[in-house]
Every structure is written in C-alpha cells, then in structure tokens.
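Here is what TrEMBL says about this protein:
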type	residues	note
TRANSMEM	7-25	transmembrane segment
TRANSMEM	81-111	transmembrane segment
TRANSMEM	132-150	transmembrane segment
TRANSMEM	156-175	transmembrane segment
DOMAIN	179-244	domain 'Mechanosensitive ion channel MscS'
REGION	341-367	region 'Disordered'
COMPBIAS	349-360	compositional bias 'Basic and acidic residues'
C-alpha cells in the first residue's frame with residue numbers, strides 16, 4: 001500500500017506546490033500591472049504563466065522523483081524525459097519573455113515617436129531579433145539535450161567537433177540558399193530597405209508588407225491574396241517601395257478628350273472636386289495636356305494624397321467626377337469618331353476641277 005500512496009502523495013504535493021507558486025507569481029505580476037499602468041511589461045509577462053508553470057512542474061518532479069520510492073528499471077528514461085521537458089519549457093519561457101520585452105519596447109517607442117516610418121523600421125528590427133533569438137535558443141537547447149542527457153551521443157558529438165572543418169564546408173555548400181536568406185533577412189531588417197507595413201510593388205503586384213521572417217517575406221495584395229517571396233529577392237532585384245521617404249504620394253488621372261474640350265473650365269472643375277475631398281491632403285494639384293493625336297488630346301490631372309489608401313480612392317473619385325461633369329456640361333468634349341467626309345483644301349482639289357475653272361474663265365473672257 002505504501003508503494004502506491006507514497007508516490008501519489010509526493011507527485012500530488014509537488015504539483016500542488018508548483019501550482020501555488022505559479023499562482024503567487026501571477027498575483028504579484030497582476031498587482032504590479034495595476035499599480036504601474038504606465039509600464040506594460042508586467043501585463044505582458046503574465047503571458048508567460050503557462051511555460052513558467054511547465055518549468056516549475058517538470059523541474060520539481062525531476063527533483064522529487066527520488067522521494068517517490070519508485071523502483072523501476074526505467075528511472076534513467078523518466079529523468080531524461082523530465083529533463084527534456086524542462087529544457088523545452090525553459091526555451092518556451094525565454095521566448096515568451098523576449099516577446100514581452102519586445103512588445104513593451106515597441107509600445108514605448110511608438111508612444112514617443114511621431115514618425116510612422118521609424119515605428120515600422122523598429123518593429124521590423126524587433127521581429128527579426130526575436131526570430132534570431134528563438135532560432136539560437138532552440139539550437140542550443142537541442143545541443144544541450146542531446147549531448148548532456150544522452151551519454152551515448154557524446155561520442156558522436158566529439159567526433160563531429162573533431163571533423164568540424166570538413167563538416168562545415170559540406171554543410172555550408174548544402175545550406176547555401178538557407179544561409180543566404182538568413183543573412184538577407186538580417187540585412188533587410190537592419191538596412192531598412194523594406195519594413196513591415198510598407199507599400200510595395202513586386203512582380204507587378206501592389207500590396208503591403210505583412211510579415212518578414214528569416215527566410216521569406218509576405219506581401220498582402222490589395223485583393224487579400226498573399227505573395228510570399230524569399231527575402232534574398234529584395235537584396236538582388238529591383239522593386240518599388242512607395243513608403244520609402246514618406247507615405248505621401250501623388251496620384252494621376254488620364255483623360256482622352258476631343259480637341260474642343262474646355263481646358264480652363266475642366267481645370268476649375270478639378271479644383272472644385274478636390275476642395276470637397278477629405279482624402280486630398282492639399283499639398284499640390286494641376287491639370288495639363290500631356291499628348292495630342294489627330295483625333296484626341298491626353299489630359300493629365302495630378303493630385304496629392306497623404307498615403308496609398310487615400311491615393312487610390314482619390315484617383316477613382318476624381319476620374320468619376322470629371323467624366324460625369326463632362327457628360328453633363330460639355331458632351332462635345334468627349335472623344336468621338338467623325339463619319340462625315342472632310343473638306344478638301346483648294347490647293348489639293350482634283351486637276352479636272354481646276355481645268356474646268358480655267359476653261360470657264362477663258363469662255364467668259366472670249367464672250
């Protein structure tokens with residue numbers, strides 16, 4: 001009976017103790033968060049409760065396992081499993097803590113900075129640093145778990161270290177693409193060539209950078225499709241970044257009109273339309289003739305907007321308003337196809353008609 005009761009008491013007591021410790025830590029963080037609302041770190045650290053609880057439970061069970069009195073031939077295996085859980089939970093906890101610190105830093109930076117571009121750049125850098133930290137911690141945890149918890153693997157580890165030169169060359173050649181994307185991701189993050197939230201045109205697609213990882217970059221296209229591309233693309237090929245240097249942008253609307261179009265009236269109407277639009281930032285506007293063909297003229301209306309969202313809606317609205325106004329007030333200014341025969345200039349009249357004119361003059365003079 002003791003062989004059953006004792007292990008249950010030890011295990012249940014250990015779990016109850018770790019739950020109490022985890023609850024106490026959560027209460028302390030909650031109190032600190034309520035007393036210091038200006039510091040969001042305490043609230044973010046409360047998200048670490050689950051990995052912290054797993055760390056406490058696995059470590060406590062590993063330490064109290066000998067008190068259970070369980071005598072089996074699998075003691076070593078049980079302890080190794082508990083140790084693996086502890087190592088994995090520690091990595092999980094470290095990643096959560098790093099995320100909490102990053103979110104707090106981003107919130108403070110955004111609160112003290114009025115430039116959205118700087119906030120996006122800082123957010124991109126934080127995201128890349130978080131991913132690098134996660135990758136490094138996972139690699140170290142895997143190495144520690146394999147080399148320290150499994151003695152049979154130590155000889156393999158020693159042999160790998162002894163042949164590190166050859167192995168490094170082979171691994172470098174095999175992982176050239178992956179390492180290239182890794183360094184390209186770091187270069188993009190800290191070089192600020194593209195940031196999360198930037199408006200870009202890639203491969204003819206217009207969208208917003210939604211996610212940047214160590215290997216790929218995701219662009220959310222205007223119709224909610226996602227374009228996923230390797231990060232190295234943005235270091236080796238040309239692309240358009242409309243957010244670089246500021247979110248302001250100038251939109252253009254092209255109209256093909258008849259040569260008789262009233263340009264000054266059209267220019268005044270454009271200004272009237274823009275005055276009623278909230279998405280026009282009132283920086284600049286103009287209307288000029290950019291081309292002329294035998295049948296039509298090309299008129300370009302330009303207007304400025306504070307960002308790409310307003311830029312698109314402003315262009316569509318101005319185009320619709322101007323066409324509607326032309327249809328209502330000046331329908332003759334719209335392009336049309338002439339079907340009547342054109343008048344022939346006198347210099348190009350046929351030779352027969354000119355001869356008839358000469359003969360008629362001779363007859364009249366003779367008479």
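Heads up, the Cβ atoms here are built off N, Cα and C, so glycines get one too.
Outside the transmembrane segment (81-111) by six or more residues, the chain places 39-41, 44-45, 47-48, 51-52, 54-55, 58-59, 61-62, 65, 118-119, 122-123, 126-127, 129-130, 133-134, 137-138, 141, 144-145, 149 with a CB less than 8 A from a CB of the stretch. Predicted-model confidence for the domain 'Mechanosensitive ion channel MscS' (179-244) is 81, expressed as mean pLDDT. Secondary structure by DSSP for the domain 'Mechanosensitive ion channel MscS' (179-244): 17 helix, 25 strand, 24 coil.
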